[in-house]
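Engineer: So TrEMBL has the following annotated:
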- 27-53: domain 'C3H1-type' (DOMAIN)
- 27-53: zinc finger (ZN_FING)
- 67-87: region 'Disordered' (REGION)
- 75-87: compositional bias 'Basic and acidic residues' (COMPBIAS)
- 93-121: domain 'C3H1-type' (DOMAIN)
- 93-121: zinc finger (ZN_FING)
- 132-173: repeat 'WD' (REPEAT)
- 178-196: repeat 'WD' (REPEAT)
- 283-322: repeat 'WD' (REPEAT)
- 323-362: repeat 'WD' (REPEAT)
């Protein structure tokens, strides 16, 4: 089964409350705090509004789950279909927290009496191979270019690290704050630098498509080819660079799209003959920052900080529909079969499908106890679809689709902001502490889902 996904920049809400705190009620401010919207307000007595509490966190609402089904089983009887129990609470099951001594590597004073977890995961269908202290700050991108044995990780610590997929060793670290602001690509076997890419800022997002690696940094999108070593700085159709942060990138059918802080979605078309990208007409309509993108069947879906999802026709480059099911930032989008999956800081994962009216509508809502940062889809050792759901409580749940039955959970020191698949049943997670973890499905014979990173 095929997954198509894209994610936005990880944003964590620090305060989820109505309006200002009591000590600030008397102040004459009715504006929404811009720092809260960006997930980084740390003022104890902030006088500005902090939105409204997500309705999805209401326990009563979590029990009104609807049923959705795999379209490939549409011809079967209802009794044969994988079905969600509408009367059962569909929130994530309660799992003990990690032992604090275990997290820091110390011996636990409680010994066998400790009720906290002493493992980085639960579940028996996958295992942790290794944990690599790769970066000093949040990992914002993990990519494995097509036909390459090099894994690239990008971070807000202004470095890109390049890893040998066979040995698991870092073969080079690039400091983007260095005097020459470069990224260098190294041969894993000879140890020689085969190409140098000039960059100017921390990595905000990173994807790969074929031999191409695309990097979003502040006010810029860069592209380089790992085979030909073409090095491109992409400009918009007006000849200018992107404005502000580039939160998400998506590539399909020779076209690249970039979601930017100013609400514009920039576009480029690949010119194979000249090995370059030509600017196309940008997609405008969002009033706030666009933080997530995914492409499927001639449609581009964009998630925004204003809690909406826009559907764009890539033939006309016009918005044909606006989806309004979430109550907070739409952090990540993913396509599985005929379903669009979206997640938000409102604590929900919504499943969308085309209804009888021809419009997209919510067919199922899965509720979490925490804000959801990212969705990622793979196939397990038995070729069954699995959804990885990263939350801002520093955990990642693994769900079977379409049942949303939890089959395991990954724990981390801080939020997981980047997930990627690898060969031979491997998958990777990168968290806000800068640690890269390598995981593997239990069985040896593994088929990994085709996925747009």
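The backbone N, Cα and C atoms fix where each Cβ goes, glycine too.
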Engineer: Grab the pLDDT values for the zinc finger (93-121) and give me their mean, rounded.
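Structural biologist: Averaging the confidence scores along the zinc finger (93-121) gives 64.
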Engineer: Under DSSP, the repeat 'WD' (323-362) has how many residues in helix, strand and coil?
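Structural biologist: Going through the repeat 'WD' (323-362) residue by residue, I get 0 helix, 24 strand, 16 coil.
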Engineer: Could you count the residues of the repeat 'WD' (283-322) that DSSP puts in helix, in strand and in coil?
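Structural biologist: Going through the repeat 'WD' (283-322) residue by residue, I get 0 helix, 24 strand, 16 coil.
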